[in-house]
Amino acid sequence: MGICDKRFYFFMVELLLAVLRLFMKGLSSVLNVFATGAKLVFRRGFRYHSFRNFALSSTSVLEDSYLVFEDSVSADDAKLLEAKGSLSEAREQDELSFGGKDEVEVVKDVLFFNNKKPEVPEVIRIIRILTNRGWNLTSCNGFRINLNELNIMRIMNDLFQESSDAALAFYFFKWSECCIGSKHSVRSVCRMIHILASGNMNHRVMDLMLRLVRQYAEEDSHSLLLTVLCETHSEKKILETVCSMLVNCYIKENMVDVALKLTSQLKHLNIFPSDRVFHALLRELVGSNQLELAWVWLEDIHSIGRGISASTISLFIHHYCKEGDLESGWKLLCQMKNYGIKPDVVLYTIIIDTLCKMSCPIAATSLLFKITQLGISPDSVLISSIIDGYCKLGRLEKAINILKVFNLPHNNFMYNSVIYKLCWDGNMVEVAKLFYEMTEFGLLPDCFNFTTIIGGYCKIGDIKKAFQYLGRMLKAGIKPSIVVYTVLIDACCKSGNMEMAECLFWKLTTDGLLPDVVVYNTLMYGYGKKGHLQKIFELLDIMNSSSVCPDVVSYNTLIHSLVMRGYVNEAEGILDELIQRGFSPDVVSFTSLIDGFSKRGNFEEAFLVWFYMSENQVKPDVVTCSAILNGYCRQRRMEEANALFQKMLSLGLNADLRLYNVLIHGFCSVGNMDDACNLVCRMVECGILPNDVTHRAFILAFERKWVKNPAESAAFKLQEILLRYDSFAKVADVDASSSSGAGLLMGLKNHIVGIF
């Protein structure tokens, strides 16, 4: 091959290589474009399936929407996406896309509208309105809208101005927030608030307001929100409404100080919150005991010509009465005419109810008749307050008379006040009559009525009747409360029927009620009374597993049960452990231990507990003293008992009848009548009269002296002491049927009364 042939050969090879390089370079570009497009299609499909799981209900209707991204993406757009790859992947889970035939994509917060036929009515309206308002959406390849703050606000304004439909603007507002992948700016939100207020969608306004208040909770952020609201408003009236709602939001968020600052700023703009918001603000000020500031605001309201209602004044009157300052409350009620307000029945009810709670139902009744003369008709609430006041003082006849005089429609509260008093007195026959009367009047007994009646029957030990009313309660469709179950469980425990108590306990849990510490304590008391210590410990375990914290009553029940079973040392160990854990025992805790040691004659340990008691700043009471004195009396160590008693009196102990009877019985048991009589004289001097227990103690003393008729002698002795102090006619609680001596005592009393 010649030189020319070789040159031609190498030239052709280089030419082919150059063509091949160009071809490979072009192929690489094509592959890059293809790969980018495939990635975009895949990402769109992924976003569609992700969105189906969490899209808002208001935006999910945009499936098959007309607002979509272009299906075909140019190489330049693909390169743009590739350049922003990291940002796109970071936002991939946050951007919302709408599946079906059409999809939505946002690049640099740009919306793409294609020209497919839309199917969602809201979208159809949006496209039509935007077209009418001059937005160019007619391009054959679609048109892009940049979702910046300005365009969002312009679109919302156009939608509302063209349609007067705030809901349509709000539809776009929520959808666009999903598209841009982040919350709207403060200005956009504020403009949306104005549009919603103009469209009477105040519930949506409150939602957006609360979001702003919580998002901008920093100090002085209210000034920023107020400034933006002023800048984005279009009508003064709407601005006043919106600002009033902003103040209300701060009140709802317990930011009263901020609400006050904002109200002051609004005052400079000659904008004032609505009467309802002013009332809410005053309620918070009065409730937080800022009365002076509340009065300042009330005067401001009055000075701008705003009317002050009776309900506003009632805030102050109710506060005064709640604090026990009835005089200030009454004075304000009398001064209401200065504000051009006439007191109504609600205001008088506050005063009358306070009088009844202060145990002054007669004064309340006088005021009741006075207001009727003024032409104010009392309502059921007012009458119920007076009836309740009389019932709490035990004056049932007065309550019934009021009920008859004011023949108002009866209500459950009226009946329950009377029923509660009758149950307290144990007069269940009258309770049954009232219950029947309620049903005759067409009143449906409520849970409180049934609870009171069931509690009344349990109090007198008639558990059968209590369960009958429980059955009526269930038949009436009223679900028993935890209180009802507690009352029934307590009655079963006191009667020793622990099986029924357990059934009730498991029944309340199956009814969906959560046992509280009172229920557990009641069961523990029942088991302790039976001596079932293991059951008590099981209940404590259940409490811990149920996150119910035992209280002082729980541990007192455990300690008392251990002491009653003879495990005094173990009870003391539990008390020591509880104190080390930070538990604060009360006087009952220590008294149980002192009683346990004293009954065993271990006074050294009893006094150690006594001193330990003072170290824990717990003051002994009469029961504590009785426990240790009773121990001395059981051991017949009367000199020590009397010395301790005198010491207790010198330290300020106010002995009661029970404590005196303990010592009197102790002296009588050893035949020491002189000291026993001295104690009776002392107690009579203190205004404490002997009872049947005292009489039986004297009988015991005379029996030990081998007196022929000890009961008669005991009666004469007590009567002699009573005559000496001119208290013979007041001997308390002697059971005439208990002995012939008691009957003789009553006969002697009658005889002496006849002489005088």
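These residue numbers are counts, starting from 1, taken along the chain as shown.
Cβ coordinates are placed from backbone N, Cα and C, and glycine is handled just like the others.
Source: prediction; values computed, not measured.
For the repeat 'PPR' (309-343), the list of distant contacts is 275, 278-279, 282-283, 286-287, 289, 291, 294, 298, 302, 350-351, 353-355, 358, 376: same-chain residues at least six beyond its ends, Cβ to Cβ under 8 Å. Sequence annotations record features per position, and here TrEMBL assigns repeat 'PPR' to 309-343 (among others).
Over the repeat 'PPR' (344-378) the predicted model carries a mean pLDDT of 91. Residues or ranges marked as repeat 'PPR' in TrEMBL: 344-378 (among others).
When Cβ-Cβ distances below 8 Å are used as the criterion, the repeat 'PPR' (411-445) is approached by residues 380, 383-384, 387-388, 391-392, 394, 396, 399-400, 403, 452-453, 455-457, 459-460, 462, 465, 476, 478 of the same chain, each at least six residues removed from its ends. The repeat 'PPR' annotation in TrEMBL covers 411-445 (among others).
Marked as repeat 'PPR' by TrEMBL: 446-480 (among others). For the repeat 'PPR' (446-480), DSSP puts the residue distribution at 26 helix, 0 strand, 9 coil.
Nonlocal intrachain contacts for the repeat 'PPR' (481-515), taken as residues 6+ away from its ends with a CB within less than 8 angstroms of a stretch CB, comprise 447, 450-451, 454-455, 458, 461, 463, 466-467, 470, 473, 522-523, 525-527, 529-530, 532, 546, 548. Summarising the annotation, TrEMBL assigns repeat 'PPR' to 481-515 (among others).
Here TrEMBL flags 516-550 (among others) as repeat 'PPR'.
Helix, strand and coil content of the repeat 'PPR' (551-585), in residues and according to DSSP, is 26 helix, 0 strand, 9 coil. For 551-585 (among others), the entry in TrEMBL reads repeat 'PPR'.
If you look at the repeat 'PPR' (586-620), the same-chain residues 6 or more away from its ends with a CB under 8 A from one of its CBs are 552, 555-556, 559-560, 563, 568, 571-572, 575, 579, 627-628, 630-632, 634-635. Look at TrEMBL and you will find 586-620 (among others) tagged as repeat 'PPR'.
Mapped onto DSSP helix, strand and coil, the repeat 'PPR' (621-655) counts 26 helix, 0 strand, 9 coil. The feature repeat 'PPR' is assigned by TrEMBL to 621-655 (among others).
When the repeat 'PPR' (656-690) is classified with DSSP, helix, strand and coil residues number 26 helix, 0 strand, 9 coil. Taken from TrEMBL, the feature repeat 'PPR' covers 656-690 (among others).
The transmembrane segment annotation in TrEMBL covers 7-24.
Counting only same-chain residues 6+ beyond the ends of the repeat 'PPR' (551-585), those with a CB under 8 A from a CB of the stretch are 517, 520-521, 524-525, 527-528, 531, 533, 536, 540, 543, 592-593, 595-597, 600, 602, 605, 609, 616, 618.
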